[in-house]
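Asks: Sharing a structure with you now.
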Amino acid sequence: MKKMNLAVCIATLMGTAGLMGTAVAADNLAEFHVQNQECDSCHTPDGELSNDSLTYENTQCVSCHGTLAEVAETTKHEHYNAHASHFPGEVACTSCHSAHEKSMVYCDSCHSFDFNMPYAKKWLRDEPTIAELAKDKSERQAALASAPHDTVDVVVVGSGGAGFSAAISATDSGAKVILIEKEPVIGGNAKLAAGGMNAAWTDQQKAKKITDSPELMFEDTMKGGQNINDPALVKVLSSHSKDSVDWMTAMGADLTDVGMMGGASVNRAHRPTGGAGVGAHVVQVLYDNAVKRNIDLRMNTRGIEVLKDDKGTVKGILVKGMYKGYYWVKADAVILATGGFAKNNERVAKLDPSLKGFISTNQPGAVGDGLDVAENAGGALKDMQYIQAHPTLSVKGGVMVTEAVRGNGAILVNREGKRFVNEITTRDKASAAILAQTGKSAYLIFDDSVRKSLSKIDKYIGLGVAPTADSLVKLGKMEGIDGKALTETVARYNSLVSSGKDTDFERPNLPRALNEGNYYAIEVTPGVHHTMGGVMIDTKAEVMNAKKQVIPGLYGAGEVTGGVHGANRLGGNAISDIITFGRLAGEEAAKYSKKN
């Protein structure tokens, strides 16, 4: 097939789209392409779609236009490049581009940039809920009356950090696994995590002479969660956190940098060298290892109903593919790793009315499907009222700014140019403090020394959300901050750094003075970030009912579960949670399958 330069293609699209009556007038990409290609240029010879992941169709896109990396070279923008994706895995062309209907830019589900994609419409997530899908009685009954489409040992629902960890762990324990994902991209919320992976008494800490222990991590986690956490689950998290770091490292992860996150007594947030975002890196490593193991990954496929026999034992799961429709998979065990519900503001607001209308830092699939599936299977929910806001979501562009920026030395100031909080306090306290300021927002202020300490910051600068100036007065004028007061505030902060003690707000770490090179400001406001409540599990990741009885063959891991974090999650504990309990769920599900 002749390879078409994408820059030429886009120029043609932009120059002709909407000019009805011309040779290339079209309402969608299929109409545009058919004037230069035949239908079988995209589709299989029989005219059918290859699968729900659209594997063949995406291969055809690449054969014509090139890989995502190649396309990115021809679509550069001053601040952002939609094709230079920060997503891990192999991002499919059809994640954004549709053929026979209007396309939607997946980036718009989180960001507020103008990507101006040809033949596109405004982003809209309008999928039926699990309850609404129950109305598809005839289709569901027909699928269940048929023979199982597949027979495996374990089905994992959700391809975030917990799901991939579970799938790999189960596979390595001898199980045959199918991993399903309802979104067109992998990674869940894990791919967006930037701060670090908390773990205690690791080799990486020892190399930096950091004294830590599982007991101290346990204490910090319980305190951060207001002692509402399930102590047994927290003990699993803290005592196995080192093993999780070792497991990821053995698979190729770089977790050599160790920083501090809010609520931690010592530096225990592990991340790549130079302070790069941990989430996308971890998910990429997990994805690569899943590919090596030939794990069956099915995109655009929703887990709909856990199927049980007359004794209440799991026998499989009903799924719905975007194109294949309903079918069921026979399996001894099902692992729910579907994440939380922070993107579902209707659900969030019912549980915490104070968060009504808040935007969220989460990926669009985090609406609570797994909770509904678990409840319908008899699983109990706990701690649902505890919902966390992340304090630093950029007002411009909707970018979540990692806590590590504060951990590495940035300060928070209000429009009056004054500090108002210990910058690395727990997220609930920092969020409340920001909302109490003028305009319900604040500014992260830092210099080039902080920027150089954390490579993730260059991404924010590149996205245009971190204006810069060579003086604090100029920066203040640019951002509407009192420049004189800001200058005095930074001078005061630098004096506290020199003294080694923050007598103003009792910030426990003062890593560096802010006096090198240029200064930067990011306006931030809290956004709904993490839902601490979820499915009740035991220390084997087994889902339990309201009587705390195990549902045989049903497991849960990650943000879909409740009990680990209590009333408030500490930064850095999410990645540790999903890897630790994902591994555990996979191992236990594989063991269970062998016995049954």
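Backbone N, Cα and C atoms are what each Cβ position is placed from, and that goes for glycine too.
These numbers come from a predicted model, not from an experiment.
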Asks: Record says HIS390, THR402, GLU403, HIS529, ARG569, GLY572 bind succinate. Source is Swiss-Prot. Which of GLY195, GLY252, GLY259, GLY263 does it list for that same site?
Replies: GLY195
Asks: From GLY303, GLY439, GLY462, GLY464, grab the residue that Swiss-Prot records in the same FAD site as ALA162, GLU181, ASN189, ALA194, GLY195, GLY196, ASP369, HIS530, GLU559, ALA574, ILE575.
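Replies: Among GLY303, GLY439, GLY462, GLY464, only GLY303 appears alongside ALA162, GLU181, ASN189, ALA194, GLY195, GLY196, ASP369, HIS530, GLU559, ALA574, ILE575 as FAD-binding in Swiss-Prot.
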Asks: If Swiss-Prot gives CYS61, CYS64, HIS65 as binding heme c 2, which of HIS33, HIS86 does it give for that site as well?
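Replies: Looking at HIS33, HIS86, the one Swiss-Prot places in the heme c 2 site next to CYS61, CYS64, HIS65 is HIS33.
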Asks: Rounded to the nearest angstrom, how far is the Cα of CYS42 (heme c 1 binding site) from the Cα of HIS111 (heme c 4 binding site)?
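Replies: Per the Cα atoms, HIS111 (heme c 4 binding site) and CYS42 (heme c 1 binding site) stand 30 Å apart.
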Asks: Over all shown protein chains, what is the count of other CB atoms within 10 A of the CB belonging to CYS107 (heme c 4 binding site)?
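Replies: A 10 Å sphere around the Cβ of CYS107 (heme c 4 binding site) contains 20 other Cβ atoms.
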Asks: For the binding-site residues HIS43, HIS65, HIS97, HIS111, work out the Cβ neighbour count at 10 Å and name the residue with the minimum.
Replies: HIS43
Asks: Counting only residues 6+ apart in the same chain, whose Cβ is under 8 Å from the Cβ of GLY303 (FAD binding site)?
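Replies: When sequence neighbours closer than 6 are ignored, GLY303 (FAD binding site) has VAL155, VAL157, GLY158, ILE180, LYS182, ILE317, LEU318, VAL319, VAL334, LEU336, THR338, ASP369, GLY370, VAL373 within Cβ distance under 8 Å.
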Asks: Cα-Cα, whole number of Å: GLY572 (succinate binding site) versus GLY195 (FAD binding site)?
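Replies: Each residue's Cα considered, GLY572 (succinate binding site) and GLY195 (FAD binding site) end up 6 Å apart.
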Asks: When you tally the Cβ atoms that lie within 10 Å of each candidate's Cβ, which of the binding-site residues (CYS61, CYS93, CYS96, CYS110, ALA162) has the highest tally?
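Replies: Highest number of other Cβ atoms within 10 Å: ALA162.
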